[in-house]
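Comments concern the structure below.
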Amino acid sequence: MSERKLFTSESVSEGHPDKIADQISDAILDAILAEDPEAHVAAETCVYTGSVHVFGEISTTAYIDINRVVRDTIAEIGYTEAEYGFSAESVGVHPSLVEQSGDIAQGVNEALESREGDTDDLSHIGAGDQGLMFGFAINETPELMPLPISLSHQLVRRLAELRKSGEISYLRPDAKSQVTVEYDEHDKPVRVDTVVISTQHDPEATNDQIRQDVIEKVIKAVIPADYLDDDTKFFINPTGRFVIGGPQGDSGLTGRKIIVDTYGGYSRHGGGAFSGKDATKVDRSASYAARYIAKNLVAAGLATKAEVQLAYAIGVAQPVSVRVDTFGTSTVPEAVLEAAVRQVFDLRPAGIIQMLDLKRPIYKQTAAYGHMGRTDIDLPWEHLNKVDALVEAVKTVL
């Protein structure tokens, strides 16, 4: 009997309370960066019935209308009706933002290396905090992402498209998806075992109608037919009713969907969230750099699966560690890959910011449907422009 294994990942829509919070935090970040690319931002958001609280630490020369940014973001998501219990024009907005701590700022603005005499411009900025970050890539999909999270994201994105186009008129903004994929004894995906979709809806929509529309217009439109069979299980709104949703049903907070944001649990996670943070925060920028490295390693044919760990000390520019784990799939020793990575990629915070051009207002678009593996938007850490350099670096190390 062949060994088969199941793996499950989930995603949530842009109308999920935690994702509303993420999008507001990143909309504020983008608005500030558009005026002041050198700003330091850590913006947190909490949403619940009829209310939005924005708090955190910001150092900037920019002035933005936070009230307007919040309302525009909520309206863009689709919360425009009072009956939803949370609407763009009636919600209360309560900002409470203060300046970044001077103790933190001194280590970010002048790294330990710079204070000790290193005159390289890229050694000037220190990491905004200590921490460990992971990046991952695998050859399961064209975008080099694990299949379960890739399908989960596509399902909730499809729901949003059908809602916004009016093709399914009874849909409301809040939704979740979950996909269980079956793998064979060689860890290759062979079929989809289970799909769970919960979608908020108008009260007059029937369960039968929702089930039929979701299966035909969402699941079958997203998941390739080769992965579906007579044994694939569909759970559509399994509670039986999902009228009350969004912040009326659950409070939401920035940074509570870090597994959805990354690899769906298929790879390790350092614990740091992304949204609302400028690129001096290595929780965000180094996670993007680690994905960039892993994706280029796999695309170069140096491994079929790669996980990259980076780690930093607060106020220090150089990472304290760089690790590459290929789970036995690499074509050369992992120590060679690590040496090649250090040659090709400048992993100081300023080096990452320069390499990926991270002082731009590009973050709000990442705050729903995943920060990694996106094919619908152009993100610099998804580019495959380091493949040749890695191959050449491996040759020099060997």
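For all residues, glycine too, the Cβ spot is worked out from N, Cα and C.
The stretch that Swiss-Prot tags with region 'Flexible loop', taken from the ranges 12-22, 100-110, 177-187, is 100-110. Cross-referencing E57, E140, E143, E216 with the L-methionine binding residues that Swiss-Prot gives (Q100, D250, K281) picks out E57. Checking the binding-site residues (D18, E44, E57, Q100) against K257 (ATP binding site) with a 10 Å Cα-Cα cut-off leaves D18. Of all the binding-site residues listed (H16, R241, K281), H16 sits in the most crowded Cβ setting, with the most other Cβ atoms within 10 Å.
Every protein chain considered, the tally of other Cβ atoms within 10 Å of the Cβ of K277 (ATP binding site) stands at 27.
For the region 'Flexible loop' (100-110), the mean pLDDT of the prediction comes to 71.
A Cα-Cα distance of 31 Å separates R241 (ATP binding site) from E44 (K(+) binding site). Ranking the binding-site residues E44, E57, Q100, K281 by Cα distance from A175 (ATP binding site) puts E44 first.
Cα separation, K277 (ATP binding site) to E57 (L-methionine binding site), rounded: 10 Å.
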